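Marked as active site by TrEMBL: S59, K133. Taken from TrEMBL, the feature domain 'Peptidase S26' applies to 29-227. Per TrEMBL, the feature transmembrane segment maps to 24-45.
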Amino acid sequence: MTEEIAAGSADAVRVQTTPRRRGWVIFLRDVVVILLIAVLVSFLVKTFVVRSFYIPSGSMENTLLVKDRILVDEITPHWNGYHRGDVVVFKDPGGWLPPAPPQPPRSPLLEAGEWFLTLIGVAAPDSDDHLVKRLIGLPGDHVVCCNSLGQLTVNGAPIDESSYLKPGVGDSRASSIPFDVTVPKGAVWVLGDNRTRSEDSRYHQDQPGGGFVPKENIVGRAFLTTWPFDRFGLIDGHYAVFNGVSNPKPQGRRRGGRRA
């Protein structure tokens, strides 16, 4: 009788334990599925909607500071286009950036960690071959610097950039480098907000691309600073600065580029 009671008790314990184990298995399975879905959604968002970039230089101060992290909208400009004032991230058209220094070997664990962070859009390993500048000239625009007041003009309209330009030391002009360009089809003219520390379109006028950035090189429009937390906020396009700019005149057969 005692043996029968003991056997019955053991069977009861097994019956109680088995559902608990199955419950934990189901719970862990659900957690794994949720994590996989979250990673997949994050990957799709990063690939087709927004991307994260790291700011390595002061060329866009004080709009963007060194070590800021920003989010870039990849999808909206494809159906709404780009606008004067947009802060855009673009791939180096060629010769704008120095060759990247060789990276020291890293452990497989660090490589795996960066891969995962990149997958979900937290890390930004491709920031080294991209640049961020403010879009000043659209295709067909005639951009000149400087007028008698030291301002840029776009299609003949003077531009007051004081709302976003970092003041230069001993120079109130919008650019210490003069230029007179007409933006060709399929390209844009870009400048940094910190003109004294930005090697932008002005510095590459003698290169094959004439300092213009092909639209196909543009990743998207920077719209949000996410890090550090005390700088979290939207990135201002200062579009009102360009309200007085008219559409460019038809250029006919004339090719865009520098004027004599």
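The backbone N, Cα and C atoms fix where each Cβ goes, and this holds for glycine too.
Just so you know, TrEMBL annotations are computer predictions that nobody has curated.
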Message: On average, what pLDDT score does this prediction assign to the domain 'Peptidase S26' (29-227)?
response: 85
Task: Give me the Cα-Cα distance between S59 (active site) and K133 (active site), rounded to a whole Å.
output: 8
Message: With DSSP assignments reduced to helix, strand and coil, which class does K133 (active site) get?
response: strand
